[in-house]
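The block underneath contains the structure these notes are about, expressed in structure tokens.
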Amino acid sequence: MAGADGDDSLYPIAVLIDELRNEDVQLRLNSIKKLSTIALALGVERTRTELLPFLTDTIYDEDEVLLALAEQLGNFTMLVGGPEYVHCLLPPLESLATVEETVVRDKAVESLRKISQEHSPVDLEVHFEPLVKRLASGDWFTSRTSACGLFSVCYPRVSSTVKAEIRQHFRTLCSDDTPMVRRAAASKLGEFAKVLELDYVKSDIISLFTALASDEQDSVRLLAVEACVSIATLLPQEDLETLVMPTLRQAAEDKSWRVRYMVADKFSELQKAVGPEITKNDLVPAFQNLLKDCEAEVRAAAANKVKEFCENLPEDNREQIIMTHILPCVKELVSDTNQHVKSALASVIMGLSTILGKDNTIEHLLPLFLAQLKDECPEVRLNIISNLDCVNEVIGIRQLSQSLLPAIVELAEDAKWRVRLAIIEYMPLLAGQLGVEFFDEKLNTLCMAWLIDHVYAIREAATCNLMKLVEKFGADWAQNTIVPKVLGMANDPNYLHRMTTLFCINALSDVCGRDITTKQMLPVVLKMSEDQVANVRFNVAKSLQKIGPVLEKITLQNQVKPVLDKLATDKDMDVKYFAHEALSGECLPVSVNLPCCCKWALFQTAN
Amino acid sequence: MAAKDGSKMSAAAIAAEKVDGFTRKSVRKAQQRQRRSLSSSQGSSQFRTHGAVPVDLSLSPLPQLMPECVNQQELFTQKLQQCCVLFDFFDSVTDLKSKEVKRATLNELVDYVSTNRGVLVEAAYPDITNMIITNIFRTLPPSDNPDFDPEEDEPTLEASWPHMQLVYEFLLRFLENPDFQPSIAKRYIDQRFVLQLLELFDTEDPRERDFLKTILHRIYGKFLGLRAFIRKQINNIFLRFIYESEHFNGVAELLEILGSIINGFALPLKAEHKQFLMKVLLPLHTAKALVLFHAQLAYCIVQFLEKDPTLTEPVIRGLLKFWPKTCSQKEVMFLGEMEEILDVIEPTQFKKIQEPLFKQISKCVTNPHFQVAERALYLWNNEYILSLIEENIDKILPLMFGSLYRISKEHWNPTIVALVYNVLKTLMEMNGSLFDDLTASYKNDRQRCGTPSRLNNPYPHTLSS
């Protein structure tokens, strides 16, 4: 249609229109994604006069295409001629902001927010603000929800009369009879409050906040809790008690658990926003109640905040508050009936030790840690183990190991592999602090037992663990304690264990050094090239490639190459493949030596 | 029985874990279920708050209600007030005696309002509604199972059901009592009441939803002033379900009520109702859990079209817009709904949408999932649809021919191939000469494009061919 007059410069738009009408969504999507290229080809004027009207009028499409369009238009300012003309983008974005599908609408609002910044104050009043008003008074709820996100971006830059109108519109939407709109307004309340003058925050926002916080729908009330954080931050301390606290207190005791959950979830933010005095008088009892809530969901959310809450308590009587008010609740939670509550607590409880110091930790917290370490739920045990280091800092490894070691040993054989994995990951740290002697005595057998675990992830972690241990204790220690055991497994009847030997060698060769690798490990690897199981044989090839850099050139040439040569003619396809990989890979470490390298290359082609 | 299954399952689970450390979803779910059943497979949000001042909950039985005697009204009120005491059903040992007293009293109250005339005096209404509100209106407890799959998992049942069931029963009998006067009751059964009632439809307990359905239906029937409000709130629930939460357990029940509401709409349809059809009912088809309420939804749609056939075109275009792209199970449901719509379509409406519709059907026929192809081909078993196709064979045959012909040669499933032959035969009988022309041009096209059958074969893995 556009190309009908034979004007070549219209060709791009003709292609676009063709593709936009294509039956294949993917093609339509592609052409929308190329929109900026096309706009560039058309030039700013024709983009304004032809492309945008076309997009505004003719697009009725799959949400996926609309989403891409909404996103593109947010970056179109320069393509329509810069800030002076940016308002041309408003009509298509306005209709996208009324679409049913939430992601499209959200993207359109995001783009509108973006281009609002590029409007001059005059354009903002002439073009942008009327759009916001139209959306805010739209028939269908979608346009009104979209409007909620646009007030805060234009408010700071318009005249005071327009400001008054905007406030009025926002007020109307806060009492809209569609809950979807009230939810949108409630979720933007905090953001809007931030751009308002303090007097209006006190007069307008507070009444809206109070109304939304006592909405008949709990889905609206809980969003007001979020707004509470921003509003409390804006108000001077002396007004908080009268303007915010009654509502917050009410929310913490709401009959809907969803609202209480939200309070628990936002507790640290609320605590920071209202300051230390109110925290002491109001939030401490509120927090106690949340920790004892009758719904497990709420208790779990509150338990998650225990550490942060305690950390942020005013330092002057922090310890006293924790010991008399919080700790008793925490003790109860350790034996909660719900595993999510216990596991939430376990993920933060260790953090209390830094706050309470050594003596309190040993006296009050250690028994709780031990109880949780023995919890029937693996998640709880796992969360405790993964946070051992913070306790370590406070009471020292000796104390920790004495009280916790039996439990740790027990967990090393836990039925859940993720728990075993967490223990393994903690082992190098523990070993480093306990010293060689203690380690050999208590933990060495455990570390070796993991090598023959029936879960691969554990065996893998165990090999990695060995490497870290050798890094700590040195090659001599390795030669005496670990290497013989590892190499012994090369004769194990189970091929998975034989492979573990190879994996260990891969991990250890570097830290053990050339001597041990050449004299002790290499012979074993070479011998394993005759293994019956193909998986072992190709892992031999991989191992040889891996340990190659550690070996001397002469060893490579005389011992490794013949074995790889043989593997390269193996009857198994994979073994051949990895042998070839190794042969070509071996070139790299010895590439300084050119003739040798050539020989290797020759060999490759000959085969 | 459950325990026995459970132990078997957990043995299997342990064995499975020994092998690969991962357990299959079904096994894990069974374990969870077992774990839950050890404590309780029931949920409730009615428990006594811990640490609160202990309240004396003991109830002592009151004398029997006898309608003929004096002072019965006072006794009735007393009993209603007695039933406002709530018990913690998680704790199965406490207050046993009082729980039994309340149960017996509720039973008596149900009998009293259902068998006697003249007991619903105006003064009793506030006590009656107060008792109902206290017992059933509550914030539903959080779901035990965050990824609750209504198709696979057992729902969490309401723990206080032994009492709650009787309260629901009482509410129903109250509404159905011949002496019941909506003009008095509307002061208590108001918008707020309805709103709370609607929120309860989200309960996981199917028994409760069933009661709610009947009760809301009665309220809709008796309170004319609440009708628009109820419709609007259902609207809001659906929109929230579609665009915000994707979770609401009572969609099927609400649709069932709407089915009968739509049935009673006066003609011509109000704009509000049409908007509900286009902006709420059609987008409901996009829900992930469509299978749970599709039958009720399709019924509502067909009700609308029977009322006003001019809505057929926009409805079918809407369905085509939301046609599932990857979910075969949903595609089968869409085809089923399409057949229900075609069953009542007017021939003039059919002409308006035949082109886009048969383009889609043509795609469905070639679907590698045999259930989709089969469901699409079954449309040819419908006499009325067949007559519509015959009337418009010139338009439809060219749209269908390529797909049918190709599928007759290439589909992996022999049942589909047999069905396609039948359909091709039927179409050939409808217009033989057009069929021959299409066959000729199809073969021509194929020759010109080399051997497209190998390149375009949608089933590269079929063994035959």
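One-based numbering along the chain as shown.
Each Cβ is built from the backbone N, Cα and C atoms, and glycine gets one as well.
Per TrEMBL, the feature repeat 'HEAT' maps to A:12-50 (among others).
TrEMBL lists A:89-270 with the feature domain 'Phosphatase 2A Regulatory Subunit A helical'.
Per TrEMBL, the feature repeat 'HEAT' maps to A:89-127 (among others). Averaged over the repeat 'HEAT' (A:89-127), the predicted model reaches a pLDDT of 90.
Taken from TrEMBL, the feature repeat 'HEAT' applies to A:166-204 (among others). Counting same-chain residues at least six beyond the ends of the repeat 'HEAT' (A:166-204), those with a Cβ under 8 angstroms from any Cβ of the stretch are 129, 132-133, 136-137, 141, 144-149, 151-152, 154-156, 158, 211-212, 215, 217, 219-220, 223-224, 226-231, 234-235, 239, 243.
Sequence annotations record features per position, and here TrEMBL assigns repeat 'HEAT' to A:205-243 (among others). Under 8 Å from some Cβ of the repeat 'HEAT' (A:205-243) lie the Cβ atoms of residues 170-171, 174-175, 179, 182-183, 185-187, 189-194, 196, 198, 250-251, 254, 256, 258-259, 261-263, 266, 269-270, 273-275, 277-278, all in the same chain and six or more residues away from its ends.
Residue counts for the repeat 'HEAT' (A:244-282) under DSSP, split into helix (H, G, I), strand (E, B) and coil, are 33 helix, 0 strand, 6 coil. Residues or ranges marked as repeat 'HEAT' in TrEMBL: A:244-282 (among others).
Feature annotation from TrEMBL assigns repeat 'HEAT' to A:283-320 (among others). Non-local neighbours of the repeat 'HEAT' (A:283-320) in the same chain are 249, 252-253, 257, 260-261, 263-265, 267-268, 270-272, 274, 276, 326, 329-330, 332-333, 336-338, 340-341, 343-345, 347-349, 351-352, 355-357, 360; each lies 6+ residues outside the stretch with a CB under 8 Å from one of its CB atoms.
Residues 284, 287-288, 291-292, 296-297, 299-301, 303-311, 318-319, 371-372, 375, 377, 379-384, 387-388, 390-391, 393-395, 399 of the same chain lie 6 or more positions beyond the ends of the repeat 'HEAT' (A:326-364) yet place their CB under 8 Å from a CB of it. The repeat 'HEAT' annotation in TrEMBL covers A:326-364 (among others).
The annotation repeat 'HEAT' is assigned in TrEMBL to A:365-403 (among others).
Sequence-distant neighbours of the repeat 'HEAT' (A:404-442) (same chain, 6+ residues past either end, Cβ-Cβ under 8 Å): 369-370, 373-374, 378, 381-382, 385-386, 388-389, 392, 397, 449-450, 453, 455, 457-458, 461-462, 465, 468-469, 471-473, 477, 481. Annotated repeat 'HEAT' per TrEMBL: A:404-442 (among others), in sequence order.
Counting residue by residue with DSSP, the repeat 'HEAT' (A:521-559) contains 32 helix, 0 strand, 7 coil. The annotation repeat 'HEAT' is assigned in TrEMBL to A:521-559 (among others).
Long-range contacts of the repeat 'HEAT' (A:244-282) within its own chain (CB-CB distance under 8 A, at least 6 residues past either end) are made by residues 206, 209-210, 213-214, 218-219, 221-222, 224-226, 228-233, 235, 237, 289-290, 293, 295, 297-298, 301-302, 304-305, 308-309, 312-314, 317, 321.
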